[in-house]
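The structure appears right after this line, and notes come after that.
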């Protein structure tokens, strides 16, 4: 008034406006995010529809319906299956945000603390700096045997499934006994999958007494190649049957180069062609492989500082409930760190490195599993590569064969197959059968899958999911580590087959 400004009043009014804007901002951002998400989903759905059915706009509706009916008799609907599109990995996008990148820096700082702690403890105990990596040298031992085994597996997978399919497809059209021919080649393919890829690598891993990490390489490659060969045959057989039914003059046989690309591509779903990037960023590849190497050293220091001292001492104590509970809760931290490292090193770094070298554009190897409020969503988003294979070739084919009324049975069969394969990998790699993971998967995992379903949306369910995940990791690390040390402390001279099945950790302490 009278040419003077009430500064206090102006400041107060400005603060009120700022407070009102802050209150409106969440609602505004939520509305923008909702509309943007809806727009993007609609755009992706329309693009996928155009990519998967280009003939819909070229032929009349009756012809399209006839093609769809014919496809339903050959494969589980929908016919097009998984649709690949060019997209980045979620962590690559999140690491562009400085707040998220700080979490990555915190993990690096924790690694530095582990290294300093190990060096200082060794200096105090030994009087000198000990920079040996005996554990890494041991677990990755006998590498020449591992490489030769992998080379044999890979060459066999390149030659045998492809040639069996080509021989079957070329003679199927002119054959007068098509069912017998299909059964014969199907039996040969099954024999290769079970005996060649199944029994052979397992026999090498056991007979040559490969150390744990080397066994993991062999067995995981065995499982990967079995799934790849199945996908190649599963995707191409219906195409041959369809061309014969249409009396086509050409048989759709993929080129060997397409099959070879698929064997290296970071996907388990076969396609003749995938979306490709125009260039290779070799700096990006080098960064990802360096991060894989860093994750290996990270895991090394976790075992050296948090696991080995605890289990080396606890394995010599009497087995009791108190010790078991303390062991489980002391194992939660290393278990969770190992979980994060496996996810980051393999699902993000390793797969992205190979995708970049192959110019493979679809990088959705995982989704935002950390935001899951249900175990059903967690199973779908943790490992999208394996989930896609289980969904299209186990779950959907089960429903196609038995009918849509058996969805619960189909889900149970998928759980059983996944749990059995996980337990098989651990049993061969550790050298003993201790079905902890199988029981957790089939009992608690199945129960949580139905209790913590997709209808659970609140943040409390995300807390429950993380709590159960932490406890599960503690149980796995504790029990498998106890059993490993028990078999080191209480070896048997002439073990029988039942001795490999009985947990040694339950009786080892009584003998000592």
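The backbone N, Cα and C atoms fix where each Cβ goes, glycine too.
For the transmembrane segment (103-124), the list of distant contacts is 95, 130-131, 294, 297-298, 301-302, 304-305, 340: same-chain residues at least six beyond its ends, Cβ to Cβ under 8 Å. What TrEMBL lists as transmembrane segment is 103-124 (among others).
Same-chain neighbours of the transmembrane segment (136-162): 189, 192, 196-197, 200-201, 204-205, 208, 210-214, 217-218, 221-222, 225, 228-229, 232-233, 256, 259-260, 263, 296-297, 300, counting only residues six or more beyond its ends whose CB sits under 8 Å from a CB of the stretch. As annotated by TrEMBL, transmembrane segment applies to 136-162 (among others).
According to TrEMBL, the transmembrane segment annotation covers 183-206 (among others). Sequence-distant contacts of the transmembrane segment (183-206), counting only residues of its own chain at least 6 positions beyond either end whose CB sits under 8 Å from a CB of the stretch, comprise 145, 149, 152-153, 156-157, 160-161, 164-165, 167-168, 214-215, 218-219, 221-222, 225-226, 229-230, 233, 428-429, 431.
Residues annotated as transmembrane segment in TrEMBL: 282-303 (among others). Residues of the same chain lying 6 or more positions beyond the ends of the transmembrane segment (282-303) and with a Cβ under 8 Å from any Cβ of it are 107, 111, 114-115, 118, 133, 135-136, 334, 337-338, 341, 344-346, 348-350, 352-353, 356-357.
TrEMBL lists 323-351 (among others) with the feature transmembrane segment.
The transmembrane segment feature in TrEMBL is assigned to 406-426 (among others).
Sequence-distant contacts of residue 422 (active site), defined as residues of its own chain at least six apart whose C-beta falls under 8 angstroms from its C-beta, comprise 437, 438, 441. The active site annotation in TrEMBL covers 422.
The transmembrane segment annotation in TrEMBL covers 432-451 (among others).
Under the heading transmembrane segment, TrEMBL lists 463-482 (among others).
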Distal contacts, the transmembrane segment (323-351) - CB-CB under 8 A, six or more residues away: 89, 91, 107, 266, 288-289, 291-292, 295-296, 298-299, 302-303, 306-307, 310-311, 314, 317, 363, 365-366, 382-383, 385, 469-471, 473-478, 481-482
Positions on the same chain near the transmembrane segment (432-451), where near means CB under 8 A and six or more residues out: 375-376, 379, 411-412, 415-416, 418-420, 422-423, 426, 468, 472, 475-476, 479-480, 483-484, 487, 500-501, 503-504
